[in-house]
Amino acid sequence: MKAAGILALMGCLVTVVEPKVYTRCKLAKIFSRASLDNYRGFSLGNWICMAYYESHYNTTAQTQLEDGSTDYGIFQINSDTWCRSTKLQEKNRCHVACSALMTDDLTDAIICAKKIVKETDGMNYWQGWKKNCEGRDLSEWKKGCEVS
């Protein structure tokens, strides 16, 4: 009887991370409120396009890379340089746990993405952006989303 009670209690304590996949327009509104539109010269369309090609708007996206590092969250931010997972050698330049980049609250992910754009070569950090968004008309990405 005690074992059943303990198991029930443990079941309540386990946190399950449910994948959150945003819509294009919901992200446009979140990104707009976070002042990403024209941040460092990159339009809102750049951010929406990049997030689509990096994670398909999935906050819990993870990609294991050949070098042993992992890309996390909606922006696919790398553990080797930008966030802390479990490895001690990581630089953690965003001063954030990688798990914080995979929540429905995009605050930490947006702050870190801004830091990446500011401290590196803009949005060139993201291969999805370079291949699919750079130099293109991105006005369609926010069309119909009720953002300016």
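Cβ atoms here come from the backbone N, Cα and C positions, even for glycine.
What you see is a predicted model, and the numbers here were worked out from it, not measured in a lab.
Cross-referencing CYS112, CYS133 with Swiss-Prot gives CYS112 as the cysteine bonded to CYS94, criterion being a recorded disulfide.
Looking up CYS25 in Swiss-Prot gives a disulphide bond whose other cysteine, out of CYS133, CYS145, is CYS145. Note on the domain 'C-type lysozyme' (20-148): DSSP counts are 54 helix, 14 strand, 61 coil. Around CYS98 (disulfide bond), the same-chain residues at least 6 positions away in sequence with a Cβ under 8 Å from its Cβ are THR70, TYR72, GLY73, ILE77, SER79, CYS83, ARG84, SER85.
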